[in-house]
Amino acid sequence: MPGEEEERAFLVAREELASALRRDSGQAFSLEQLRPLLASSLPLAARYLQLDAARLVRCNAHGEPRNYLNTLSTALNILEKYGRNLLSPQRPRYWRGVKFNNPVFRSTVDAVQGGRDVLRLYGYTEEQPDGLSFPEGQEEPDEHQVATVTLEVLLLRTELSLLLQNTHPRQQALEQLLEDKVEDDMLQLSEFDPLLREIAPGPLTTPSVPGSTPGPCFLCGSAPGTLHCPSCKQALCPACDHLFHGHPSRAHHLRQTLPGVLQGTHLSPSLPASAQPRPQSTSLLALGDSSLSSPNPASAHLPWHCAACAMLNEPWAVLCVACDRPRGCKGLGLGTEGPQGTGGLEPDLARGRWACQSCTFENEAAAVLCSICERPRLAQPPSLVVDSRDAGICLQPLQQGDALLASAQSQVWYCIHCTFCNSSPGWVCVMCNRTSSPIPAQHAPRPYASSLEKGPPKPGPPRRLSAPLPSSCGDPEKQRQDKMREEGLQLVSMIREGEAAGACPEEIFSALQYSGTEVPLQWLRSELPYVLEMVAELAGQQDPGLGAFSCQEARRAWLDRHGNLDEAVEECVRTRRRKVQELQSLGFGPEEGSLQALFQHGGDVSRALTELQRQRLEPFRQRLWDSGPEPTPSWDGPDKQSLVRRLLAVYALPSWGRAELALSLLQETPRNYELGDVVEAVRHSQDRAFLRRLLAQECAVCGWALPHNRMQALTSCECTICPDCFRQHFTIALKEKHITDMVCPACGRPDLTDDTQLLSYFSTLDIQLRESLEPDAYALFHKKLTEGVLMRDPKFLWCAQCSFGFIYEREQLEATCPQCHQTFCVRCKRQWEEQHRGRSCEDFQNWKRMNDPEYQAQGLAMYLQENGIDCPKCKFSYALARGGCMHFHCTQCRHQFCSGCYNAFYAKNKCPEPNCRVKKSLHGHHPRDCLFYLRDWTALRLQKLLQDNNVMFNTEPPAGARAVPGGGCRVIEQKEVPNGLRDEACGKETPAGYAGLCQAHYKEYLVSLINAHSLDPATLYEVEELETATERYLHVRPQPLAGEDPPAYQARLLQKLTEEVPLGQSIPRRRK
């Protein structure tokens, strides 16, 4: 049928737009996209499935159409933004709640009737004291529901905009809505007709001539509108006019008295509301006077019950005399009672004024913020009057209305929304809490007129007007309603119990519908999984082409169909078919894996679409992130311009000429250049010769030619080193050499003995080594660098037993090694003994010679061992003799020094002495008493020097010294063997008179005595030796004076040498 096809097309278009809104919440739909929905001829109920659009427009149709349509359009715009925010991936921080005191919300959404109902459709169903919020158990909003409601809000806002612009394709829509509203108003007026006829017999007439009889008040609707405001374009009764125009923004409006109003009943606006006389036609006795052919409009209205406190008020009253709430106030719940039982109301405050809840300051009615603390006005929780002391607040009713009150309180009435039979006064249903029109269902058996003719009842004791009186209705209807109420309360109890356990109300209701169990929560835990599996299996059997169904899809279908198994299977199949069609329209059919994606993601189309898109883009992602080298293009193509454009665009070269230069270098034969190297070089220069040199730099170590950007260069020199040589050199230096050997492999710079160059060099070398070395080698570099820094600390010590270094900050001579836990002397490096305590190192050594049998057994070898070699730079001790080469290389700090005088050895061109004659060779500057020179003396000459200065020396082994097995010198030396270096005894022949030592070690023994006693060997120099020493130290060739004899010449040279080159503390050996 055409109607069904139009409805189907409308739903398809509507679902497409909702899906687009879910995918992109910020998407703006054009008028062309919305036209299929706007041009539809379906009724409003079929076009707006969630939103009650007709009621929303009718409830706000007051005044000029353009004014209220603009107001409604603005409110819908804000509501649309609420929906889009809920659909956005980055929702606002406080998306879960909406505050009523928000100025934007209060001036737009809350200014129209039905705005809060739209928020409840979004999911804001939890009532808060100051707003609405999502339920606590709901972590995320229902995207489908939110998208559908947002689309309908958007559609209605667009329709209203088109109506205002007179461009709506169905312009008669607004007229139809307004005609329906007029018909509804007339229907409600006709419903009052029987009641009015019963109260006041006579025809119910309405004024036919405008202005002949004033209409009802625009604000309260109960009293006649006797005052007309041209600015507001509304008619108000005097009481409402006083309240409405008391606002500062409307205080300047001028009002006019409508014609046909008696001047006696007109109230001056200058009088307060409490001083205004009541209209004369409000007496209830006057309603029964048959002489009145037409009732006064004011007397055609009934006394009204307050919906909050059930107080019976007179017809002309705008606010309830008990709780100060307006006549149109909806039914409210109990509030928190104050200390006087007034529910927190303050009767001392003037009507309309309000007290700040923070500072209790009394503010004017028009004030929005407190005048003292500037905090906003908060809504007061409503309450019922429950204390007997509140009777003083209520005005005593008229004696004539007491009979009407008794009759009205004995009435029962049906709610027009839920058809519940109510017996309490007022028109707020106790079941659905909604207000109904005041149409009593049953009347008292006697008419009001007969009861009124008997005169007023006798006055009695005052009674509470707010207490409802019990009444009864028909037994069958009452029983039916009681049963419905009992079942409803039971269902509500089950739902609350389920929500406490994490089950939603739909699950509880569906469980009851499916199983009829009395314990639905237990059934959901035990039986629901099997039911869902059965639904999924039956759905798969019904249409095997749709693939397997997930339990999530079965669950949603089962809940949507309220537990009906067959309908759930149909819904599951229908939903899956629609989702497959949606994915297929997007380019993903079943052959692309759409069925499997839907199953994996529980039927979620957006997640399934994301998965399918990810699978389709996977080859592109792999190709994009592939770490392999890019294919090298061919540079021999005939289209040179195309190649130049490619270089210019892809590699961002500075100019067209640079791109042509790069292409010419790439086309040269032989082709030894890489593309990246050429591009990098061309960016720095455009000189072809310079670029060729830049692209062919030779390694200073191996001679391999590489581009300059691949070479490594140190900051200390201009040598260029290829990556392989750089990595290999520094790896070997780290693993097999000292930290000071990490210099340039080509030129050997810088000199790492200079502390000023050391810091700057290693700071830049660290960055280069991090990118070139292996992680273990780089870690070793940092370890050695740290040790080198620690060795420069003046409090650094080397253990004399295990060669472990540590920082020793104590002042005592006794130090304990943290590694081997051996104790030794800080100064002499000998193993600590109790005899050393309180003695100097020299006294302790003499004590060892005289009292230690082991020391005596070793003889002079122990003396030489104790007077071993100490590195002057790092203080590391070597228990070795000085025989052999005097050039010593410290294994710890790589310092080169003389083992006799501890002066440094200098490499080629490193000597700081400006007048040095041997600067171009490895050399050292020794004092004249150094073993370096005295080892050439004979033992007898050394003995003579000691004898001349009365120094005792040994010529025979000390008493108790043991001989070495096999004979030979027993002094320990470091000897080079095929496997490395080894410490062992000297083993050379020991001549007689040499104290059991070989000739070299006996000379070392004698020289150590000469150095210990600071003896100057120059006293035994011959003339030739004096001239050589003078030339060596003073850099001049001495000549004898004229007539100077040789002895005088020798004495003069000796005096000059000893005075100008003394043997003082400048010798490093004496400072150790």
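Counting starts with 1 at the first residue shown.
Cβ atoms here come from the backbone N, Cα and C positions, even for glycine.
According to Swiss-Prot, the protein has these features:
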BINDING   Cys699, Cys702, Cys722, Cys725  Zn(2+) 1 binding site
BINDING   Cys717, Cys719, Cys744, Cys747  Zn(2+) 2 binding site
BINDING   Cys825, Cys828, His836, Cys841  Zn(2+) 4 binding site
COMPBIAS  281-290  compositional bias 'Low complexity'
COMPBIAS  463-472  compositional bias 'Low complexity'
DOMAIN    564-615  domain 'UBA'
REGION    1-485  region 'Polyubiquitin-binding'
REGION    263-290  region 'Disordered'
REGION    443-484  region 'Disordered'
REGION    563-616  region 'Interaction with RBCK1'
REGION    695-929  region 'TRIAD supradomain'
REGION    910-1072  region 'LDD domain'
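Put simply, of the binding-site residues Cys717, Cys719, Cys747, Cys828, His836, the one whose Cα is nearest the Cα of Cys699 (Zn(2+) 1 binding site) is Cys719.
Looking at Cys825 (Zn(2+) 4 binding site) and Cys744 (Zn(2+) 2 binding site), their Cα atoms lie 40 Å from each other.
For the binding-site residues given as Cys699, Cys702, Cys722, Cys725, the lowest number of other CB atoms within 10 Å of the residue's CB is seen at Cys702.
Put simply, Cys747 (Zn(2+) 2 binding site) is 46 Å from Cys841 (Zn(2+) 4 binding site) when counted between their Cα atoms. If you take the Cα of Cys719 (Zn(2+) 2 binding site) and the Cα of Cys828 (Zn(2+) 4 binding site), they are about 46 angstrom apart, rounded to a whole number. With respect to their backbone Cα atoms, Cys747 (Zn(2+) 2 binding site) and Cys702 (Zn(2+) 1 binding site) stand 13 Å from each other. Cβ neighbour count within 10 Å across all protein chains ranks Cys719 highest among the binding-site residues Cys719, Cys747.
The Cβ of Cys717 (Zn(2+) 2 binding site) lies under 8 Å from the Cβ of Cys744, Ala746, Cys747, Arg749, Pro750, each of which sits 6+ residues away along the same chain. The Zn(2+) 4 site is set by Cys825, Cys828, His836, Cys841; from the centre of their CB atoms, other residues of the chain with a CB within 8 Å are Leu813, Val826, Arg827, Lys829, Arg830, Trp832, Arg839, Ser840, Phe844, Gln845. Over all protein chains present, the Cβ of Cys744 (Zn(2+) 2 binding site) has 19 other Cβ atoms lying within 10 Å.
Long-range Cβ proximity for His836 (Zn(2+) 4 binding site), meaning a same-chain Cβ under 8 A and a gap of 6 or more residues, is found for Leu813, Glu814, Cys825, Arg830, Phe844. Counting other Cβ atoms within 10 Å of each Cβ, the lowest count among the binding-site residues Cys825, Cys828, Cys841 belongs to Cys841. Excluding the listed site residues Cys717, Cys719, Cys744, Cys747, the same chain places Ala700, Leu714, Ser716, Glu718, Val743, Pro745, Ala746, Gly748, Arg749 with Cβ atoms within 8 Å of the centre of the Zn(2+) 2 site Cβ atoms. Distance between Cα atoms for Cys725 (Zn(2+) 1 binding site) and Cys828 (Zn(2+) 4 binding site): 45 Å, as a whole number.
Cys702 (Zn(2+) 1 binding site) carries neither a helix nor a strand DSSP state and counts as coil.
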